[in-house]
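Data block below; observations after.
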Amino acid sequence: MGRHCLERLPGRSGAGLCRHSRGDHPRVLLRRPDGDPPDEVSARCRVRHLFPGAGTTGGVLARWLTGAGALAPAGQTDVAGRQPEGGHAVTAAGTTRLPPQPLQAEDVARRHAPVLLGRCLDLLEPALATADANGEAGRGAPLMVDCTLGMGGHTQAALDRFQGLRVIGIDRDPQALRLAQARLARYGGRFLAVHGTYDQVAEIVREHAPLLAGAADGTVDAVLMDLGVSSLQLDEAARGFAYSRPVPLDMRMDQTTGPTARDLLATEDAASLTWILRVYGEERFASQIARAVVRRREAGNPVTTSQDLADLVRQVVPAASRRSGGHPAKRTFQALRVAVNSELEILETAVPRVLNCLRVGGRVVVESYQSLEDRIVKRALVSGATTRAPHGLPAVPDSDRPYLELLTHGAVRAGPDEVALNPRAASVRLRAAARTRSVQEAPAPEPRGGPYARRTDTSNRRGKAGKR
Ligand SMILES: C[S@@+](CC[C@H](N)C(=O)[O-])C[C@H]1O[C@@H](n2cnc3c(N)ncnc32)[C@H](O)[C@@H]1O
């Protein structure tokens, strides 16, 4: 769309969009369905939110310029801030606090498009269909745990597809839980939302499965993990995940607890920050960036906003390296996010616990969006699918048989059509497995201090976590 076209927009809308523009993507304020202050998001995101399938910001604004107009759904506002009947004005220039709105299930659905949805459900089907047909003597209703409920997209599709299915949805983000709960309210007692981290899966299943699905043995039929952050978290400027915004660097998925990214930058020494950037972000210029952060802190001008950090990284990373691999601060932001939320440590602990919650024949599907996550998942699944018997034995003793069967060959990727519609799908790697032996016979081992655990002693933080 560009500044030139934006400037042609009449009155305050044009000025506001122009002022808020970043390259081709103007920033506008997005009304939050829970009534909190509106958030600044890219107009492209806003357009997709209001007009799924509308294509680009340019398309909608072009209709506006030519007088065709872009009609917002009832009760919502169009991109240019006009107020359709029954709606509330959200202007690009204004910052007015909006009155609370009743939550619309469709609003929630638009905030995040589930990735590889059909493939996930197809992979889980044999476990849920068996349970559905009461193939397992003494089991209650089929039960799935969605370890990363998010906006509830995967869960909603599973509830629609599998008759009688019950779902326990876990998320550490209270805002996501609230929104998903509202979206899934119509499924009544078939769905339960639980606030927590997914490494608590065993306790959560023990506590809630008996009442929800009549399953009292601590196992479930299926587990889904769709790792990382949701589009909701990324899009909301105030959460501090996005680059170059004049907002505090928070990055906590659960904003009720724990230190923020700003706290880490204010307290960790250069060695520790280097370790974080190198191991969690695979950043080549980790030590240069870490030293620059500490220098600024010592000069009394600490890095506190996402804009500060993006600017600092841009200054530190040599120009030649800035030309490839996307935004130069991408790896730094990823590393801080992983550290703030202890993402890899929790995942390493969680995967064997998830595997130990599956009944025989139960299935797990995991979607990862970065190589470090995928490495953890792959290692656990491949290890469970590999016999422990020494090579060359004429027959594998029962006790050494693998306890998993891999359901995917390597990692499944999204096709170009899905990526075109949902860019988040570009980096997905999906892996799935089924339990072939009971947890009593063959428990998945708990990890012992994996390579991603942060230590207070920084002496061994210099190396890269080993590939396994
Ligand atoms: C990619 S989104 C899931 C989207 C969801 N599948 C959907 O269709 O709407 C990932 C979600 O997992 C949550 N999450 C990330 N790490 C978590 C953890 N360790 N424990 C619980 N939830 C976590 C995030 O808060 C986020 O809401």
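Glycine residues also receive a Cβ, built from the backbone N, Cα and C atoms like all the rest.
Automatic, uncurated: that is what TrEMBL annotation is.
Counting only residues at least six positions away in the same chain, the Cβ atoms of P114, L117, C120, D146, L224, D226 sit under 8 Å from the Cβ of H154 (S-adenosyl-L-methionine binding site). Under the three-state DSSP scheme, H154 (S-adenosyl-L-methionine binding site) falls in the helix class. What TrEMBL records for G152, G153, H154, D171, Y198, D226, Q233 is S-adenosyl-L-methionine binding site.
If you look up TrEMBL, you'll see 21-35 marked as compositional bias 'Basic and acidic residues'.
Summarising the annotation, TrEMBL assigns region 'Disordered' to 10-40 (among others).
Annotated region 'Disordered' per TrEMBL: 76-100 (among others), in sequence order.
Annotated region 'Disordered' per TrEMBL: 432-468 (among others), in sequence order.
Counting every protein chain shown, 24 other Cβ atoms lie within 10 Å of the Cβ of Y198 (S-adenosyl-L-methionine binding site).
Sequence-distant contacts of D171 (S-adenosyl-L-methionine binding site), defined by Cβ-Cβ distance under 8 angstroms and a gap of at least six in the same chain, are T148, L149, G150, L177, A180, A193, H195. Long-range Cβ neighbours of G152 (S-adenosyl-L-methionine binding site) (same chain, at least 6 residues apart, Cβ-Cβ under 8 Å): V108, D146, G169, L179, A180, Q181, R183, L184. Largest Cα-Cα distance over the residues recorded as binding S-adenosyl-L-methionine, namely G152, G153, H154, D171, Y198, D226, Q233, equals 18 Å.
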